[in-house]
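These come from Swiss-Prot:
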| type | residues | note |
| --- | --- | --- |
| ACT_SITE | 44 | active site |
| ACT_SITE | 90 | active site, proton acceptor |
| BINDING | 47, 86, 496, 533 | ATP binding site |
| BINDING | 88, 534 | Mg(2+) 1 binding site |
| BINDING | 89, 90, 91, 92, 111, 240, 312, 313, 314, 536 | substrate binding site |
| BINDING | 112, 268 | Mg(2+) 2 binding site |
């Protein structure tokens, strides 16, 4: 093949890779085969840099039905029902083309869930943007990205009819060159009706269903495995274009198919399209496959085998059906006005054979491309900045009056209400959503089949992960679990989306290795196994990587959907308690960031026993009918958590407690919660706290038209204006 070096460079392959490919094939590869190896060995598909670190994740528990390795994780939720869930990134496409990038991220994660046999019932998203407050082009571009991404998520999810019920939105200048768009979906099915991505049974037909294949998304998997430069805008053709109405038809057709016994295996065509779906299905089953690419439904004229194998056109699935049922399968999809064609069959050769009008155009062994793809052991190095980052503390910065600090923190885009975002999403479609977004610490969906509730929350504080990559990742697991527990549910399992910079940088690889250690440690200690997840590397532009951002989505179960705990003030004269101990801990805090522009200090102490005691306390207090409301104490500390409860409940607060150093109301000590109770239940609450071994301290009472805590005194009207209106004012100021 001529110009081999240029071809390899275009496919992000090295000469070493090329020699390896020749050894596997026993000959020189052709262009189609190079395209296949390039996509399947990309970071995006093969996890070659990260796989060695993921192997130690705890993945088993009595309630885990399916752990990592399939399209999504599955847990038992009782009464013969299962919850299916996963989180994925669509970072690179969303930065290049925000609307379609975010929309197709939603589409892809929905397919991961319904390909397992589950009807999707809830979506979350975790979004990270750059500095939208800047007055220059960078700030304007970030505001454009926010508007585009949110519109894309809403546009797709709303049309498919799956509620988007929560998530998180945060901002930091480290995301100016790479935004992060992490999408989560959860579905429900019967636990004995789960489908897997396997192609087995010699002679069984391989069927293509869904949209026609076009040239959109060509090279998307390879693009997502590289860092950005100034040339990035030229990559728009590598971003897929979504059609949510077709997705809805595909969803319903698949669910109808699952009621039959025709299916051997099914796989969504995601990154690397037909290549990944076919190789993954054959790889999991240890089988081979013959595919006739001229049978693939095409949207454009003149498409080549190379393009058909690597296109990332959306809303497509690959099905392995039982021999003899193919016409019935085709009939179901055509009834839903979808393309459906038999394009191949399963073999026992362990080889993928591709044909084009009768001519063989590729012949590749399955295992070396999929299950046995190369793994890298990249060098790691502790970042130099960690040597001096702990020198900063609350005692090394100037004193700021509590009132001034409170107003600044309350107006932080990390804190203020995100109604502008979630009001663009249909959160109530399907009528299973227990409460509106923003009114609970977790997002909660009712399981109509058994009267239970599934709670879910996504969390990560990138500042914590920057100052302590291991502890910050563990803290994300704790925080996601804490949110779930605050709603009254028992945390059960996580899915993750591990967003990091360039793995070719040893310091980034060290951050990643430490992050996975933190997740392993926390999940073991808290008994919340990892059941699915995603790794997104190369989140870097012009040599600048994002902060380590291991987003954790925790899923939990509440046995009674009528016992879900809100997170805002309910009734005047109720008493508010702080549960847990407060220390003077400001490492990575919002206080240091907003008031002094510093991301530094020592991470608050991690104590898994305290965390578990807090979860047990809140869950038991709720079961005993003691709680009116519960709120996790997170960024901004007690002051900000109380302010959110007051604003959302439209009730003031009169504090009658303060710390010796009043700044501790902004401390971010872990494993704490605020609870609101009826005064008559004070004794019962304190008895339960003693029983569990956790401190419960009364802070004050609900009511009035002012917010008063230590030296803070603010009219509720002003507090509500800052909390509810700041986000919209900031994001829409260009319009």
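Placement of Cβ uses the backbone N, Cα and C atoms for every residue, glycine included.
Since we're looking at a predicted model, the values are computed, not measured.
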Mapped DSSP class for the residue listed as 'active site, proton acceptor', helix or strand or coil: coil
314, 496, 533 filtered to the binding-site residues whose C-alpha is within 10 Å of residue 88 (Mg(2+) 1 binding site): 496, 533
Nearest of the recorded positions (47, 86, 90, 534) to residue 111 (substrate binding site) - Cα to Cα: 86
Of 90, 91, 534, i.e. the recorded positions, those within 10 Å of residue 44 (active site) when Cα atoms are compared: 534
Max pairwise CA distance, angstrom, over record-listed ATP binders 47, 86, 496, 533: 17
Tertiary neighbours of residue 534 (Mg(2+) 1 binding site) (same chain, Cβ under 8 Å, six or more apart): 86, 87, 88, 89, 182, 496, 497, 498
Packing count at residue 111 (substrate binding site) (other Cβ atoms within 10 Å of its Cβ): 28
Diameter of the substrate binding set by C-alpha atoms, the set being 89, 90, 91, 92, 111, 240, 312, 313, 314, 536, in angstrom: 21
Shell of the ATP site beyond 47, 86, 496, 533, same chain only (C-beta within 8 angstroms of their C-beta centre): 54, 68, 87, 88, 495, 497, 498, 530, 532, 534, 535
Inter-residue C-alpha distance, residue 90 (active site, proton acceptor) and residue 47 (ATP binding site) (nearest angstrom): 16
Neighbour tally for residue 91 (substrate binding site), based on other Cβ positions within 10 Å of its Cβ: 26
Largest tally of Cβ atoms lying within 10 Å of a Cβ, found at which of the recorded positions 44, 86, 90: 90
For residue 47 (ATP binding site), the number of other Cβ atoms found within 10 Å of its own Cβ: 18
For residue 533 (ATP binding site): DSSP state (helix, strand, coil): strand
Between residue 268 (Mg(2+) 2 binding site) and residue 312 (substrate binding site): CA-CA distance (Å): 11
